[in-house]
Amino acid sequence: MKALARFGKAFGGYKMIDVPQPMCGPEDVVIEIKAAAICGADMKHYNVDSGSDEFNSIRGHEFAGCIAQVGEKVKDWKVGQRVVSDNSGHVCGVCPACEQGDFLCCTEKVNLGLDNNTWGGGFSKYCLVPGEILKIHRHALWEIPDGVDYEDAAVLDPICNAYKSIAQQSKFLPGQDVVVIGTGPLGLFSVQMARIMGAVNIVVVGLQEDVAVRFPVAKELGATAVVNGSTEDVVARCQQICGKDNLGLVIECSGANIALKQAIEMLRPNGEVVRVGMGFKPLDFSINDITAWNKSIIGHMAYDSTSWRNAIRLLASGAIKVKPMITHRIGLSQWREGFDAMVDKTAIKVIMTYDFDE
């Protein structure tokens, strides 16, 4: 079968390669991939050439499919079930994070479809979910409810991230306002979570390149206002829209240093920033404001079983909308077109399906 693989250790590019179909062990589950989505985490390796031919991983950690095989010792899953993976492949099972069910904060975690794994990912025909993870973490897989299709289920990862950031990590109360910085899937699902939870003003901050595609979708999904950070004073505009006493929560999804600076500045005293986006440059500004005005910066990583259980119910109920965000549906053989669309921001979410003849 074909698979889109990454090569090199720290950074490296992608190649479409031939790989054998995974062998199902006695405790394993093999999924036939029905839909896989390109994530922002996949983009950092696109058009990168490390000069290395060392295999790293089959990519694609946002995927859903149908169980094709189960090992003889597997009791909880059956061939034919429609499932979505939370992309856990390995955790230690004994650290404080694992004991709390926060498996993706395990320092020994290995994710399916991400770096340095041998089990596989969504950018192929089949992916193996190892029995070792299913013994520790049964909810490494979730059954897809009736009425939810594969492409919607494939993007439950960012939905669950948005759920956890607002519903579980922040102290948000209905009737307050929320600013979301960033217009990718994490940002747009955060808009929907803020709407569901009863925010009055939901302000989305983006850039000039978001005006054509992403701003209109943000409004369709519940944003009450958009702010163009390329042409407007972000802090002043957000405070003007919300009023200085109502802006208690900023969900920062871009990872840009300037965005974190703006988020801290615009908050009212005792406000919170949940930092969902990840940047790679040292901070170049003072954060004394968080001490002077009792503001909080909350780090965010992934989700837990509560996030998944409730996000799946919201998706099945129709409260969460995915279709407006799926801008491209392509075969895996056209993967470069999908990545290019992500680069130029004509895409929000790209869904790929396996289209190679065996």
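One is the number of the first residue shown, and numbering goes on along the chain from there.
In case you wondered, yes, glycine gets a Cβ from its N, Cα and C as well.
Site annotation (Swiss-Prot): Zn(2+) 1 is bound by CYS39, HIS61, and the candidate from ASP157, ASP177, ASP210 recorded at this site is ASP157. Zn(2+) 2 binds CYS92, CYS95, CYS98 as Swiss-Prot records it, and from the list CYS66, CYS106 the residue named for this site is CYS106.
Other than CYS39, HIS61, ASP157, the residues of this chain whose Cβ falls within 8 Å of the Cβ centroid of the Zn(2+) 1 site are, in sequence order, ALA37, ALA41, ASP42, GLY60, GLU62, PHE63, ASN87, GLY113, LEU114, PRO158. Distance between Cα atoms for ASP157 (Zn(2+) 1 binding site) and CYS95 (Zn(2+) 2 binding site): 23 Å, as a whole number.
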